[in-house]
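Some features that TrEMBL has for this protein:
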type	residues	note
DOMAIN	7-110	domain 'Dihydrodipicolinate reductase N-terminal'
DOMAIN	113-244	domain 'Dihydrodipicolinate reductase C-terminal'
ACT_SITE	137	active site, proton donor/acceptor
BINDING	138, 147, 148	(S)-2,3,4,5-tetrahydrodipicolinate binding site
ACT_SITE	141	active site, proton donor
Ligand SMILES: NC(=O)C1=CN([C@@H]2O[C@H](COP(=O)(O)OP(=O)(O)OC[C@H]3O[C@@H](n4cnc5c(N)ncnc54)[C@H](OP(=O)(O)O)[C@@H]3O)[C@@H](O)[C@H]2O)C=CC1
Ligand SMILES: O=C(O)C1=N[C@H](C(=O)O)C[C@H](O)C1
């Protein structure tokens with residue numbers, strides 16, 4: 001039986017913090033190779049010319065939808081780490097993908113601990129009166145709150161709603177703008193931008209007499225790479241839209 005040839009990968013945002021790390025990780029993996037490195041100003045046609053099978057996108061929320069439109073139109077699977085996906089964007093993507101064979105993964109976070117932490121938060125949500133999310137990132141991050149924090153808050157909100165948990169206790173009547181963070185669903189999210197940090201998150205739950213804090217720290221961008229490689233291998237086998245790396249894992 002002949003062995004499958006290496007997966008042909010195109011990296012969008014190839015010169016960025018994440019894109020450059022992805023190029024290193026893909027080139028170091030035996031079963032895939034980077035055949036196109038595309039950054040701002042480069043034509044997307046380079047992906048087609050290089051015969052890319054799977055794109056990895058770490059660009060920015062303003063350009064990622066155009067990139068995905070191109071990939072879907074050209075039959076290229078996509079693994080997306082770029083933040084900025086809300087319900088409306090996901091619906092648009094589903095429409096573009098239809099019942100075709102292209103697989104797209106939108107992963108708010110590729111670090112295994114972050115994926116587990118989001119799942120744990122979803123499980124814990126219905127047992128606690130209060131839940132708030134604190135995300136801490138490097139100061140070069142363009143968006144706030146982080147995609148991970150927004151996704152975590154949506155998961156908690158949905159789990160609380162499904163379980164019929166009453167509104168969170170909060171007697172605040174006087175509030176300086178921003179003092180209580182921003183609401184995602186019914187969960188408050190607080191964003192810190194701190195020099196020296198990479199990507200960190202705490203989810204704090206509380207109820208009568210006890211609290212639970214789930215904390216995850218990405219100390220280096222290599223933390224995201226095993227998840228990215230797993231996604232590159234899996235996306236071609238999963239047509240349609242998947243949201244969250246957990247969809248490709250046995251969780
Ligand atoms: N899901 C996850 O696990 C993770 C997600 N992220 C997310 O990934 C994204 C990128 O983060 P990061 O690497 O730190 O950001 P960077 O700014 O370092 O990298 C983004 C790169 O994309 C380039 N770019 C801009 N527009 C285009 C375009 N149209 N086509 C191709 N390349 C383009 C930028 O060029 P230029 O600078 O010239 O504009 C830059 O080189 C963010 O949304 C971030 O939140 C980050 C870490 C982990
Ligand atoms: O910009 C980053 O750095 C990160 N972005 C993603 C997010 O917005 O959640 C993932 C991780 O937190 C790092």
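Quick reminder: no glycine exception, Cβ is built from N, Cα and C everywhere.
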CA pair residue 141 (active site, proton donor) / residue 148 ((S)-2,3,4,5-tetrahydrodipicolinate binding site), Å rounded to integer, equals 13
Close in space but at least six residues away in sequence, with Cβ under 8 Å from that of residue 148 ((S)-2,3,4,5-tetrahydrodipicolinate binding site), the same-chain residues are 83, 108, 109, 114, 118, 135, 199, 201
Other C-beta atoms within 10 angstroms of the C-beta of residue 138 ((S)-2,3,4,5-tetrahydrodipicolinate binding site) total 14
Long-range Cβ list for residue 147 ((S)-2,3,4,5-tetrahydrodipicolinate binding site), cut-off under 8 Å, min separation 6+ in sequence, same chain only, gives 82, 83, 84, 85, 108, 109
One finds that other Cβ atoms within 10 Å of the Cβ of the residue listed as 'active site, proton donor' number exactly 16
A correct count of other C-beta atoms within 10 Å of the C-beta of the residue listed as 'active site, proton donor/acceptor' gives 22
Confidence over the domain 'Dihydrodipicolinate reductase N-terminal' (7-110), expressed as mean pLDDT on the 0 to 100 scale, is 98
